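Here is what Swiss-Prot records for this protein:
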BINDING   F27, A58, L59, E60, C87, V88, I89, N120  5-amino-6-(D-ribitylamino)uracil binding site
BINDING   D92, T93, R134  (2S)-2-hydroxy-3-oxobutyl phosphate binding site
ACT_SITE  H95  active site, proton donor
Amino acid sequence: MADARRAPLKDQTDISGARALIVEARFYDDLQDALLDGAVAELKAAGLTHDVITVPGALEIPAAVAIAVDAAAANGKPYDAVIALGCVIRGDTIHFEIVSQESSRALMDLAVSRKLPLGNGILTVNTEAQAWARARASELNKGGDAARAALAMLRIKRRLARA
C-alpha cells in the first residue's frame, strides 16, 4: 500500500541496465524475506540487475557494503546503487541504540564519501508487530521504500552527470 503522505518522484531518468547491491542482515529470517521481496520487486520494475550479500546483523552491513563496492569496482563491474536491509527490535539494553545509530551513521558516511546512491531499509522498531507492519509489501513496504530511495538517488546522479 502506498503511503499517501509521500508524493511520487517525477524524475524518470533512465536507469535501466544499472546494477544494484542489496546487503541484508538475516537476524530475523521471515521479516527479512518480506523486506527483500519488496526491494527486489522495485529493482526489477526499474530494469536493474542485483546481487544479494547476507551478513549476520545490522552492524555488519556498512563494512560489507564497503568491501563489496570496492571489489566490484576493482573487477570492472561497479555497483550503481546499494540497498541496506535489516531489522533492529528494541530490547532491555542500550544495544538497540548502538546498533541503530552506528549502522545508520556508517551507511550515511559511505553514501556521502563515495557519492553512492543508497537506500537504508534497516528497520528500527519497538516490537515485532511494528517490524511486520513495515516489512510487508501489502502494508508499509519499507524494503520497497529503501529500493525506491536508492533508485531516486541514482536517477539524480545520472541526470546531473549528463548536465
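Here the Cβ of each residue, glycine as well, is placed from N, Cα and C on the backbone.
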Most crowded position, judged by CB atoms within 10 A, among H95, R134 as recorded positions: R134
Sparsest-packed of the listed binding-site residues (A58, V88, I89) - C-beta count within 10 angstroms: I89
Other CB atoms within 10 A, centred on F27 (5-amino-6-(D-ribitylamino)uracil binding site): 16
Chain-internal residues near L59 (5-amino-6-(D-ribitylamino)uracil binding site), provided their CB is under 8 angstroms and they sit 6+ positions away: V99, E102, S103
Cα separation, R134 ((2S)-2-hydroxy-3-oxobutyl phosphate binding site) to V88 (5-amino-6-(D-ribitylamino)uracil binding site) (Å, whole number): 12
Cα-Cα distance linking E60 (5-amino-6-(D-ribitylamino)uracil binding site) and D92 ((2S)-2-hydroxy-3-oxobutyl phosphate binding site), given in Å to the nearest integer: 21
